[in-house]
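Residues or ranges marked as compositional bias 'Basic and acidic residues' by TrEMBL: 17-29. Annotated domain 'PA' per TrEMBL: 122-206, in sequence order. According to TrEMBL, the region 'Disordered' annotation covers 1-37. Sequence annotations record features per position, and here TrEMBL assigns transmembrane segment to 234-254, 282-301, 307-331, 352-371, 377-396, 403-426, 462-481, 493-515, 521-539.
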Amino acid sequence: MRRVEACSCSDSQNRSAEARGGGREHDGLGRAGTRGMAIRTSSPPLLRLLLPVLLLARAAAAAGGAASEFDDGTSPKFPGCDNTLQKVKVMYWVGGDEQDSLTGISARFGAVLPDTAGEKKPAVQPDPKVGCAKSSKPIAGSVAVADRGECTFIEKAKTAEAGGATALLIVNEEDALQKMVCTDKDPPPNIKIPVVMVSKSAGDKIHSAMSSGNKVDILMYAPQKPPFDGAIPFLWMMAVGTVACASVWTFAVVGEEPKKNDAALDTEENPADAEVVELKTMTALVFIVTSSLVLLFLFFFKSTWSAWLLVFLFCVGAIQGMEYVASSLAIRVCSRCGEAKVKLPGIGNVKVLTLVTLPLAFIFAGVWVAYQNSSFGWVGQNFMGICMMILVLQVVHMPNIKVASALLIAAFLYDIFWVFISPFIFKKSVMITVARGSDDGPSLPMVLKMPKEFDTWNGYDMIGFGDILFPGLLVAFSFRFDRIHGKGVTDGYFLFLMIGYAFGLSCTYVGLYLMNSGQPALLYLVPSTLGVISLVGAIRGELSQLWNAKA
């Protein structure tokens, strides 16, 4: 493999790789879990756009809060206004047909919702539709669906209760959920019906159905988080397995031994070799700036088109990853399979193997896009993501722990700021908000995910690609370092790094469970990987060698 030093011109340059032939161009680095993908030398610089996309993959195990994840305990509590803010499942039927459930948030006041499904009630929009005055439409025995505005939440709830409504569903003015709490000056509300809010996009679905003249029924309850999440062990195994597999791929599958970075050995360039992008220390600064800008853009400009743009960019990288993995495995089984070529007009010589694997990768990606929201869509997403990450870790190299320290510590601080500190500036966690996405459009694709089989919400546990790629760069470095210096399993670093990564990821999920909120995985993974290799290297007296290595 040829080495190319990564310029620090854009946080995520691209990389290149190919299953033992046909070079791919790549420059650079990537964001927490969002880095280079492989592109052929004849490809346009489209792949350079993937950097900002994969930056999001640093989304940590963000979306998995508990049922009481909205409750921060900071708003006033007193009798009649001391409910726990709960995540509410809003089920609705249009003309008797059940629709996809919506997510809401309960109020600090009002009746507490049950934790199991009960009886559905007809939905009615009061007139006036903001629900601040007595409705000219009968709302008795129904769920009143009122728009936000013109009066307080408590006033809306009292009006709905006076009209005989069994519950009040408030549609927010923006695509977010607002905590409905009391102030110190409010008298005890003493409201006896449940009050729930949904986002604008969720409420629009109900409004649209009602305005079309359809009969709409609503059922709301607040299911509890199951005591055991069976998806996490499988997600843990996928992440750890991906890091291990990608680290040894070049040696175990491609059949190449890591070589020292000796310029004398590279005087004759083999066009069949794949370029390797070697990260530099300045990459850390570029990473912080670019990643932050992309994250802020998606935070302020969330929309359906931006979600589909992320899906498109994910597919571009995944197609290259699947082609690379399939070609590598085919050549491993049949070494001559990669030799046959055909000459195509305007393109030149192309491997026959590429003409077979690339269309198959396109078809796979197309089928996934069509069925990504199906019950089995997560399988295709995980397969595509794993192939892409294997490719990235072949073409992007961390040369030593000096670069690793700059990059991982920068990513560590990035996670801490955008998960824990950003709420003090932007009123909510920027990273977790972006990771959760919105009710409209496709979900964030730069994650591995597993369905929660025991979860009433039928949700997913997720881990961002960045939580695999960033530590994976260091783990892959340790494997190359061991091979170059003739180290075995016990006297090398690879085994220690793999154990450290597995332990750090386990701590992430323990923290997720104990704190009932999204966790920045690098908070645990950086100390358990960078800390481990630094400690073991210092004990062995090899820290200087690791710091200045070229592996």
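The count begins at 1 with the first shown residue.
Every residue, even glycine, has its Cβ placed from backbone N, Cα and C.
By the Cβ criterion (distance under 8 Å, sequence gap of 6 or more), the transmembrane segment (282-301) is counted as touching the transmembrane segment (403-426), at least 3 such pairs being found.
Contact between the transmembrane segment (462-481) and the transmembrane segment (521-539) is present: at least three CB pairs lie under 8 Å, with pairs separated by 6 or more positions in sequence.
Residues of the same chain lying 6 or more positions beyond the ends of the transmembrane segment (234-254) and with a Cβ under 8 Å from any Cβ of it are 1, 19-20, 328-329, 331-332, 382, 386, 389-390, 392-394, 448-450, 461-463, 467-468, 471-472, 475-476, 478-479, 483, 494, 498, 501-502, 505-506, 509. Same-chain residues lying 6 or more positions outside the transmembrane segment (521-539) and placing a CB less than 8 Å from one of its CB atoms are 32, 58, 60-61, 401, 404-405, 408-409, 411-412, 415-416, 463-464, 466-467, 470-471, 474-475, 478, 493, 496-497, 499-501, 503-505, 507-508, 511, 545-546. Cβ atoms under 8 Å from those of the transmembrane segment (403-426) belong to residues 29, 31-32, 58, 60, 62, 279-281, 283-285, 287-288, 291-292, 295, 299, 432, 466, 470-471, 473-474, 477, 518-523, 526, 529-530, 533-534 of the same chain, restricted to positions at least 6 beyond its ends. Sorting each residue of the domain 'PA' (122-206) by its DSSP state yields 17 helix, 17 strand, 51 coil.
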